[in-house]
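Undergrad: Here it is, the structure in full.
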Amino acid sequence: MVSLKACVVAYGFTLLPALVSGSPLVPRYFQKHLVSRCNISAITVQSELGPQLSNTSLIFGPDNVLFPNATERWNTLDTPDVQLVVQPAAESDISKIVKYCNDNSIEFLVRNRGHGTTTSLSAFSGIEINVELLQGITIQPDGETAIFQAGTYGAEVINTLWDQGYVTTTGSTACVGLTGPSLGGGHSRYEGLYGLVMDNIVHYNIVLANGTEIGVNETSHPDLMWALKGAGHNFAIVTSLEKKIYPGENWHQHTYTWTQDKLETVFEALNTFHKSYNGTTPPKMGVNYGAIIMNTSYSTTEAVMEWGFQYAGPGDEAEALLAPFNAIGAIAEDQFDASYPTIAGTTSETCGSAKRAISSAMTLDYNITTERALYDHFVAKVAEYPDLAATAYLWHEGYSTEGYQIIPEDSTAYPHREENHLMVFFTEVPEDSDLLEPALDWAKEAMDLWNGGQPDRLPSTYVNYAQGADYETLESVYGYESWRLERLRSLKAEYDPENRFRYFVPIISDEA
């Protein structure tokens, strides 16, 4: 239950943005009960809100056996304070939940798969709207699009479509949701052919902060359509969306393990490869994922480079493109053809919940000198903190980019179309250890090295990988062109003047 003190603090912080944006002195959702309704139990919400919702909707608190799974987070470092969970069984329930929260001065936060990691989530205390029951997938009669409800996620989407002969853009890991990543862009194995996840969405059904249900597309609220594609967490709850689907095909994967003496050769080959198709990556070579990682099967003191290339087509086509990498002597390698669901499941080993220290960067190319420095730094840290070593990664995501870079940069709120690569450091921090600060320092130092390798460019932060650290700026996340944040804030004042959506990398924070 939310304490009265917490309610007073929340009231003060939430009211200030309303005053700044020119809203009435007391927002509507504070007028009826002010702070007293923050002290509210599951039984009370069940009796008051329950009759308004679909029969199979659920309302429960921390004493319910469903609560741990419903509130689990992929990263437990900074977690929201969930007092109660409401699981709507129908899209129409969501607007009723939002209106109830507004009328009773209760904050709300939407959760599907729980993969958001930013520190701003820890500012939340209130009701979680858990959309996991909304899992409908409907392929449209023309076979060009499908409608996905808010609770769908990667593996479910991929497998359902595959069984009908289709694929679509989803996040790179099968355990993450579909809608959440799309609000920040959504990098995908198919982006070289079809663009980001968000680039394929043609219609959103949403609930605004005041509980109003509207449809958003290129002709209905096109300004909000622009904002939802790249900064959508700040504006609405997506109850379902319609997005493009495509004919499915089998994929080819080739993985390599190289020792550190091949590092310069590998990154030289990668830089050449990513410009080998008219200045970009071959579109069907969807992605190469690479990690500098400890693998004690080979060495307990030196990290190795594990790299996997995934190609949307047959092996002979892929292997012709991979000839430069086949020429680099690997200590282990494997290749196979497989269905797309099998390929999509190859990055699921990190899906479990844990306390993680994370940082990220975006670059145009791989700075080879920097990668050597990162390797040496990694090995030194492994020696210093062996309890962090087993789960530490220097992760490289090299997508094919043609499909999303041909889309005009100003057509969506996503600001990073010129970036070619995503880099991430993460490690798991053992519970009840004193290794959190060293892990966070390691993360920042790795990010600083990546950014230092492109000194003539400003740092860029992919919003879905943002951590909310003080060294991340809103400009690095939402774009350095001044018009971008100006437009977002103008739309925020129009669609969410009371700043109800402020818990995931907010463009206007509690302190604003």
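Counting starts with 1 at the first residue shown.
A Cβ is built for glycine as well, from the same backbone N, Cα and C atoms used for every other residue.
Pulled these features from Swiss-Prot for this protein:
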type: SIGNAL; residues: 1-22; note: signal peptide
type: CARBOHYD; residues: Asn39; note: N-linked glycosylation site
type: CARBOHYD; residues: Asn55; note: N-linked glycosylation site
type: CARBOHYD; residues: Asn69; note: N-linked glycosylation site
type: DOMAIN; residues: 77-248; note: domain 'FAD-binding PCMH-type'
type: CARBOHYD; residues: Asn210; note: N-linked glycosylation site
type: CARBOHYD; residues: Asn217; note: N-linked glycosylation site
type: CARBOHYD; residues: Asn278; note: N-linked glycosylation site
type: CARBOHYD; residues: Asn295; note: N-linked glycosylation site
type: CARBOHYD; residues: Asn367; note: N-linked glycosylation site
Undergrad: So among Asn55, Asn210, Asn217, Asn295, all listed as glycosylation sites, which is physically nearest to Asn69 (N-linked glycosylation site)? Use the C-alpha atoms.
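TA: Nearest in space to Asn69 (N-linked glycosylation site), counting only the glycosylation sites, is Asn55.
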Undergrad: Between Asn55 (N-linked glycosylation site) and Asn217 (N-linked glycosylation site), find the distance joining the two CA atoms and give it rounded to the nearest Å.
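TA: Distance between the two Cα atoms comes out at 31 Å.
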Undergrad: If one measures from the C-alpha of Asn278 (N-linked glycosylation site) to the C-alpha of Asn367 (N-linked glycosylation site), what distance in angstrom results, rounded to a whole number?
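TA: Roughly 21 Å, rounded to the nearest whole number.
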Undergrad: What is the total of other Cβ atoms whose distance to the Cβ of Asn367 (N-linked glycosylation site) is within 10 Å?
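TA: So the Cβ neighbour count for Asn367 (N-linked glycosylation site) comes to 19.
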Undergrad: What count of other C-beta atoms do you get within 10 angstroms of the C-beta of Asn55 (N-linked glycosylation site), across all chains shown?
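TA: Around Asn55 (N-linked glycosylation site), other Cβ atoms within 10 Å: 8.
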Undergrad: Determine, to the nearest whole angstrom, how far the Cα atom of Asn367 (N-linked glycosylation site) is from the Cα atom of Asn217 (N-linked glycosylation site).
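TA: Distance (Cα to Cα, whole Å): 40 Å.
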Undergrad: Measuring Cα to Cα, how many angstrom lie between Asn217 (N-linked glycosylation site) and Asn295 (N-linked glycosylation site)?
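TA: Asn295 (N-linked glycosylation site) has its Cα 48 Å from the Cα of Asn217 (N-linked glycosylation site).
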Undergrad: Rounded to the nearest Å, what's the C-alpha distance separating Asn210 (N-linked glycosylation site) and Asn295 (N-linked glycosylation site)? Just drop the number here, would you?
TA: 51
Undergrad: I'd like to know which of the glycosylation sites Asn69, Asn217, Asn278 has the most other Cβ atoms within 10 Å of its Cβ.
TA: Asn217
Undergrad: Where does Asn69 (N-linked glycosylation site) sit in the DSSP three-state scheme?
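TA: In the DSSP reduction, Asn69 (N-linked glycosylation site) maps to helix.
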Undergrad: Taking only same-chain residues 6+ apart in sequence, whose CB is under 8 Å from that of Asn295 (N-linked glycosylation site), what do you get?
TA: Thr257, Ala303, Val304, Glu306
